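Have a look at the structure below before the remarks.
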Amino acid sequence: MDFFYIGVMSGSSLDGIDIALLKQDDRSRLLATHYIPMPEDLHAELLGLCSSGVDELARAAIAEQKWCRLVAQGVQTLLEDQNMVPAQIRAIGSHGQTIRHEPARGYSIQIGNPALLAELTEITVVSDFRRRDIAAGGQGAPLVPAFHEALFDDNKDHRAVLNIGGFSNLSLIESDRPVEGFDCGPGNVLLDAWIQSQRHESYDKDGEWAASGEVDQALLQKLLSDQFFLTKGPKSTGREVFNLGWVHHHLFQLPTLTPEDVQATLLELTALTITESLQSAQAITKELLVCGGGAHNKALMKRLAELLPDTEVSSTEKFGVDPDWVEAMAFAWLAHCCLEGVPANRPTVTGAKGRRVLGAIYPA
């Protein structure tokens, strides 16, 4: 039986909200998309909630209402563009906006007011996907490897899927064993933060600014000494660890570097932590499929190909899947799994004690 779902994803980059319409039968098919750029004031509010501050509970409650109303408007626009009505959609899978991710302390917080979203859209909402996995002893992240497995597993071995959003995570796909996956470290988060602080630009288009600089080995080695990179998976991370303050901490006591050299070094950090993670976890990788915003960073993609000479590095576009929409598709699929009672976490990815059905349901 065919079902229609809507997936909503707002990632750690805080640049915008992705809304995807999915047709789900024996496979997942992307039918339409809608993108909402994050308003500057809401971006600032959400970024502020990622670290300790004053009156956080009230600020979070207000911010999530703004976020939710934006999403509801986007869902309405998407449906109108497709000449569809809410009754045709089985559910919205809403990730919400992560403001804290501390699995070692037993919590991950996503705001988004799914009750209000169900009320505004008149569509059942499935949300709160991470906490059940954490309750079962897992990291609560990454959750997309199970979807990567469903989408890209065609019984070929030695394939990996790399998502480069604010943070980078890998899914390792082999035909004879369960999918494995983990966070590698910063994806775009430090690159975006640095160029925003130095040039007041939202991101480094094509990695051109990074390509204009030189990698500083002293800084690179200091960055690579972080405990996260020395820890074996399952593991996940977030802005609590990797942020602009973390960069400034490591720049302290180093000779003055040009801003573009810092950017080049941050790009090298992203590329190295991805390739080293991949090589240590999967002896042979014939094919690396890249999705997320980082797939458009030409300098980063070029560097990954250089570091992985025996691996074909390409965008998920090769499979006819737009790299910008894989995560939003994943949360539509996770909503489907929840309503069907299908466990969607992978203990080989998160470290949970077992398979669990993920998500909380807010009926229309």
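In case you wondered, yes, glycine gets a Cβ from its N, Cα and C as well.
Features as listed in Swiss-Prot:
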type: BINDING; residues: Gly11, Ser12, Ser13, Leu14, Asp15, Gly16, Ile17, Asp18; note: ATP binding site
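Listed in chain order, the residues near the ATP site other than Gly11, Ser12, Ser13, Leu14, Asp15, Gly16, Ile17, Asp18 are Met9, Ser10, Met38, Gly165, Gly166, each with its Cβ within 8 Å of the site Cβ centroid. Compared over the binding-site residues Asp15, Asp18, the count of CB atoms lying within 10 A of a residue's CB peaks at Asp18. When secondary structure is read from DSSP and collapsed to three states, Ser12 (ATP binding site) falls in the coil class. Sequence-distant contacts (6 or more apart, same chain, Cβ under 8 Å) of Leu14 (ATP binding site) comprise Met38, His43, Leu46, Leu47, Gln97, Gly166. Ser12 (ATP binding site) has a Cβ environment of 22 other Cβ atoms inside 10 Å.
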